[in-house]
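K.L.:
I grabbed these lines from TrEMBL:
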DOMAIN    10-389  domain 'Major facilitator superfamily (MFS) profile'
TRANSMEM  12-33  transmembrane segment
TRANSMEM  45-64  transmembrane segment
TRANSMEM  76-94  transmembrane segment
TRANSMEM  100-123  transmembrane segment
TRANSMEM  135-158  transmembrane segment
TRANSMEM  164-183  transmembrane segment
TRANSMEM  204-223  transmembrane segment
TRANSMEM  243-266  transmembrane segment
TRANSMEM  273-293  transmembrane segment
TRANSMEM  299-319  transmembrane segment
TRANSMEM  331-354  transmembrane segment
TRANSMEM  366-386  transmembrane segment
Amino acid sequence: MSNIKLSKFNIFTILLIPFVWIYELSVVAPILGKVGEAFPTASTFELQLVVVMPFIASIPFSIISGKLARKYDKKNLIVLGLLIYGIAGVTPFFCRTLHQVLIFRLITGIGVGMVLPLPNSIIAELFTGTQRERMLGATTSVANVANVIDSIAVGFILTLGWRYPFLCFLVCILIMFVAMAGLPKCPPVVQDINASSEQFSGTGVPKIVYALLAFMAVNWMFFAFNINNTALFMTSEHIGLPWMIGIAISLPGGISIISGIVFPNFYHKTRNFLVPIAVAIFAAGYIVMFFTHNFTTQCVANCLIGFGSGLLPPYILNLTSQKVELAKRDAAYGIVTAGIHVGFLSSPFVQLLISATTGIEAFRSLYGICAIGLAICTVIAFFVVARIKKELVIETVQE
């Protein structure tokens, strides 16, 4: 840990910020049916924009936020981001047209993007070793706790009307006040002249950052294939009762909470093999999903998907802190964490591309394709890790 002494309240506040990572999705996704009833002339595409509009802004602003953190205090950036997030998030409650809703959903994405990378950057700066791994695992758990709570709460709030769930974004304002009181000061990292000239001699961040961005995006894209299609899949296949859909959708996020908690121990026991093991569990979930015909096996599949996918984000975030020097870490986290929203945003378009190129539209077939793709990734990851381990052994023997 750094020389800064942190209180329990400081640590609590740092871990509270990820509560709003995917808040803009979990609050709004369940209300689309009611929004469609309120605006009957709206097309399906316009309704989908209500969900994805924040991602369009959050992806570039996540990268911008990482760059701004090299010049300004991260605490101030988080407070500003939460203020924009909360005000823009609540405003659709007062909107009269769908276009007004879409405009403020886009502005909401600016706030989301500013907040997204900074908790990880603060953790990487203030913690090291196992403590860092625990904290990064906890950020994923907190984000998924929010997802589960939102999915349940919005269902009840929606009975009041489609506008009322937008009031949930007042939580962002509440968290902003907590952040003002509890976040430690995190000014830009000051480097000595020699270190600074050496570290900034390269152009931008290391290439591995873009590989980690792709890794993060693909993980969340496969995760979104499940979340986005569960309701329609269960309805079309006559699996379970309507009230069970909410339970099924919340399971992957709920189990991912456990993934984040056990990540440090799991990582220390498996090391580099964590990736092929996690992807294999992820693939197993889609295999079970492909063959499922009842609610019980549906839940088993969702649990496997949640656990496997939940192990990967903290691994990616931890690897970012290990592979990127301190001076470029803020910008790197801005890019890598943007992958979360890139994955969610790309999911429906990739699904549409699969349908257009293969003619496959059935959800069960999509799950089968996901299982095959993840199984191939498992094999590739295993051989890559085995090769790296072999090279390390050879280097050790030569020394």
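Glycine is no exception: its Cβ is also placed from the backbone N, Cα and C atoms.
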K.L.:
Below 8 angstroms Cβ to Cβ, which residues of this chain, lying six or more residues outside the transmembrane segment (76-94), approach it?
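P.N.:
Beyond its ends, the transmembrane segment (76-94) has Cβ neighbours at 17, 20, 23-24, 27, 65, 68-69, 100-101, 104-105, 107-108, 110-115, 118-119, 163-164, 166-173, 175-176, 179-180, 183.
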K.L.:
Looking at 135-158, 273-293, 331-354, 366-386, which one has the highest count of Cβ pairs under 8 angstroms to the transmembrane segment (100-123)?
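P.N.:
Ranked by Cβ pairs under 8 Å, first place goes to 331-354.
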K.L.:
Would the transmembrane segment (135-158) count as touching the transmembrane segment (331-354), i.e. at least 3 C-beta pairs under 8 angstroms with sequence separation of 6+?
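P.N.:
No, the stretches stay apart by this measure.
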K.L.:
By a Cβ-Cβ criterion of under 8 Å, what residues six or more beyond either terminus of the transmembrane segment (243-266) are in contact with it?
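P.N.:
Non-local partners: 130, 133-134, 136-142, 144-145, 147-148, 151-152, 155, 223, 226-227, 230-231, 234-235, 274, 295, 298-299, 302-303, 305-311, 313-315.
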K.L.:
Please work out whether the transmembrane segment (164-183) lies in contact with the transmembrane segment (204-223), by counting C-beta pairs under 8 angstroms that are 6 or more apart in sequence and asking whether there are at least 3.
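P.N.:
No, the transmembrane segment (164-183) does not contact the transmembrane segment (204-223).
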K.L.:
Determine which recorded stretch among 45-64, 135-158, 204-223, 366-386 has the most C-beta pairs below 8 angstroms with the transmembrane segment (299-319).
P.N.:
204-223
